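Lifted from Swiss-Prot, the feature list:
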BINDING   Arg96, Lys97, Lys100, His102, Glu122, Asp123, Thr124, Ser125, Thr126, Thr127, Gly128, Gly129, Ser130  5-phospho-alpha-D-ribose 1-diphosphate binding site
BINDING   Thr126, Arg154  orotate binding site
Amino acid sequence: MDDVRGALLQQIKDKAVVHGKVTLSSGLEADYYVDLRRITLDGEAAPLVGQVLLDLTADLDFDAVGGLTMGADPVAAAMLHAAAARGRRLDAFVVRKAAKAHGLQRRVEGPEIKGRRVLVVEDTSTTGGSPLTAVEAVREAGAEVVGVATIVDRATGAAEKIEAGAGVPYRFAYDKDELGLD
């Protein structure tokens, strides 16, 4: 395990794993919660997120990254900054849960993604519902989705659902076993 990946894993274990009954965004109940906003919005951990996810997706060709607000927003920003630090141009975008009823009435915010190759990201994935919603929205906006990447996969079917439903590769940096969770 390289230093950056190991450092991020330790940050997640120390700051983001919360034990106790919780209801997840998927509606499922769990005995633990991985609150990755404690990582993706943390000044020490967020840069590690960007580096780890760029390394994880290094073989995919994309020039924009984003996903469904809110979980994906700081992940995309971390990747944008990590890419810039490496001398690479990478734009970020935000997918709203619904199009705005005013202004430009856009569902996908940020630089134009029509005709571009994009990576959809998420902080943690349970059923794959949020990334699939984002994939559908960015395809409607005219982008080509090259993959989906998440920081933590809960090993509850997201990988299979995304690969079958969206027809794109699914990557994750850590699984629940690496976090010591059942």
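Heads up, the Cβ atoms here are built off N, Cα and C, so glycines get one too.
Shown here: features listed in Swiss-Prot, placed on the structure.
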{"residue": "Arg96", "record": "5-phospho-alpha-D-ribose 1-diphosphate binding site", "DSSP (3 states)": "coil"}
{"residue": "Glu122", "record": "5-phospho-alpha-D-ribose 1-diphosphate binding site", "DSSP (3 states)": "strand"}
{"residue": "Gly128", "record": "5-phospho-alpha-D-ribose 1-diphosphate binding site", "DSSP (3 states)": "coil"}
{"residue": "Arg154", "record": "orotate binding site", "DSSP (3 states)": "coil"}
**Request:** Drop a 10 Å sphere on every Cβ of the binding-site residues Glu122, Gly128, Ser130, Arg154 and tell me which sphere holds the fewest other Cβ atoms.
**Result:** Arg154
**Request:** Mind checking which of Thr124, Thr126 has the fewest other CB atoms within 10 A of its CB? They're the binding-site residues.
**Result:** Thr126
**Prompt:** Roughly how many Å separate the Cα of Gly128 (5-phospho-alpha-D-ribose 1-diphosphate binding site) from that of Arg154 (orotate binding site), to the nearest whole number?
**Reply:** 10
**Message:** Cα-Cα, whole number of Å: Thr124 (5-phospho-alpha-D-ribose 1-diphosphate binding site) versus Arg154 (orotate binding site)?
**Reply:** 7
**Request:** Whole-number Å only: compute the distance from the Cα of Thr126 (5-phospho-alpha-D-ribose 1-diphosphate binding site) to the Cα of Arg154 (orotate binding site).
**Result:** 5
**Message:** Using the alpha carbons only, what distance in Å do you get between Glu122 (5-phospho-alpha-D-ribose 1-diphosphate binding site) and Arg154 (orotate binding site) once rounded?
**Reply:** 12
**Prompt:** Which whole-number value in Å describes the distance between the Cα atoms of Ser130 (5-phospho-alpha-D-ribose 1-diphosphate binding site) and Arg154 (orotate binding site)?
**Reply:** 14
**Fill in**
Row Arg96 (5-phospho-alpha-D-ribose 1-diphosphate binding site), column other C-beta within 10 angstroms, all chains, value 13
**Item:** Integer Å distance between the CA atoms belonging to Arg154 (orotate binding site) and Arg96 (5-phospho-alpha-D-ribose 1-diphosphate binding site)
**Value:** 24
